[in-house]
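Quick look at what Swiss-Prot lists:
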DOMAIN    53-216  domain 'EngA-type G 1'
BINDING   59-66, 106-110, 168-171  GTP 1 binding site
DOMAIN    228-401  domain 'EngA-type G 2'
BINDING   234-241, 281-285, 346-349  GTP 2 binding site
DOMAIN    402-484  domain 'KH-like'
């Protein structure tokens, strides 16, 4: 590793990853360059936050979950109705209320006809129990509590997670009377809400903030003690169970040729390379629903659960088959979640020279977004190259936790901008003035510029950051703040 960068071993400061002296010096520089101090503080706070607590929105179909999710995140994302046959690629979003950020999980994409309403809602609750720090349980106040609702209440109560009860579709006084009947569920005060019109959502979100911890229960890093957490993810039948068996040294996971037949075990503590690791269970992506309809959504929901609990995602890909859209979705999910990433290509021992040639071409085109991820070619069946897995995981975690000191970063940016200035656009040439790495896990940079920085130039900066400082195995987030003329606001 480069001698002027270091992994972050401790929790981040109140100024993101900047120490007090570093922060004071940086703010002085920002003031000299004419930036609004509040904007700069906000940018560092936004990029420098630690892991976000997770809030799951759970409820049976047609109670307004998706409408509520859209209301909370402040924009319309995807479908609003719970319709059979409608699924989403994405299930997690970042949200903010009263200055606090959290991750929001929309469980509304589950198709209600797959296993019947009871089983589908139970699957959502299962996710919430597994990965969320708090739960919003949405009930239709007009209909009242159903048997399905009662069943979910039992699951939630058993899990012991904080629950905020949302009585939706309350549009007036009569609706509030309907909502009051939901006290009988035993989950505390029902919050009367109209997700469609926004009525009551603010009060409900205030209650959510009281229920959510400041940081997630699955807090990152070795500082809290315990083994590092690995999510082994990938589409059904790529060999995840076989790989887990091989590294664990025993058949602790039931394996079948039918995709997704693994039963639900708990997280596995496994010793590899003299170190104990916690393999976060991904049974959901392997547990087939025995019906094609809805299985993909169920898989993505459970994969999201595993990724949320982990620090590094080992993405298993079947090297004997073409890289699929589903493989790419799983990769995107891990990147969007900001986890360290290792690519493991399974069934390598079955490939002939022609397939290896075409696989390399596929990797170059289909997995371009993770060209920075360490790669291992393995055989879960024979155990080939299993010893390469741990060094790849350690490399990815190392990159994920690396921080470049502000002084070193600005020296690098100064040299880069002088040698490769931004293209002139409309007679103007925007310049990057200075920047800082406000956070780690993954590395998050805030750059301050004199004008809008094009995406192509941002990609160039990321590429050069990787060349200079490593960051192997981790996504990098770069946000740019523009110095506006007096009287104008940022961006």
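A Cβ is built for glycine as well, from the same backbone N, Cα and C atoms used for every other residue.
In this view, residue 237 (GTP 2 binding site) is surrounded by 18 other Cβ atoms within 10 Å of its Cβ, with every protein chain counted. The average pLDDT the prediction assigns to the domain 'EngA-type G 2' (228-401) is 82. Within 10 Å of residue 62 (GTP 1 binding site), judged by CA to CA distance, lies none of the binding-site residues 234, 237, 240, 348. Counting only residues at least six positions away in the same chain, the Cβ atoms of 319, 377, 378, 379, 384, 385 sit under 8 Å from the Cβ of residue 348 (GTP 2 binding site).
Under DSSP, residue 234 (GTP 2 binding site) is assigned to coil, being neither helix nor strand in the three-state scheme. Taking each of the binding-site residues 62, 107 in turn and counting other Cβ atoms within 10 Å of its Cβ gives the largest count for 107. Distance between Cα atoms for residue 237 (GTP 2 binding site) and residue 107 (GTP 1 binding site): 24 Å, as a whole number. Residue counts for the domain 'KH-like' (402-484) under DSSP, helix first, then strand, then coil, are 29 helix, 24 strand, 30 coil. According to DSSP, residue 65 (GTP 1 binding site) is assigned to a helical segment.
The Cβ of residue 59 (GTP 1 binding site) has 26 neighbouring Cβ atoms from other residues within 10 Å, across all protein chains displayed. Under the three-state DSSP scheme, residue 348 (GTP 2 binding site) falls in the helix class. Here the Cα atom of residue 107 (GTP 1 binding site) is found 20 Å from that of residue 234 (GTP 2 binding site). The Cβ neighbour count for residue 234 (GTP 2 binding site), using a 10 Å radius and every protein chain shown, is 26.
Using a 10 Å Cβ-Cβ cutoff, residue 170 (GTP 1 binding site) registers 25 neighbours. On the backbone, the CA of residue 65 (GTP 1 binding site) and the CA of residue 234 (GTP 2 binding site) stand 28 Å apart.
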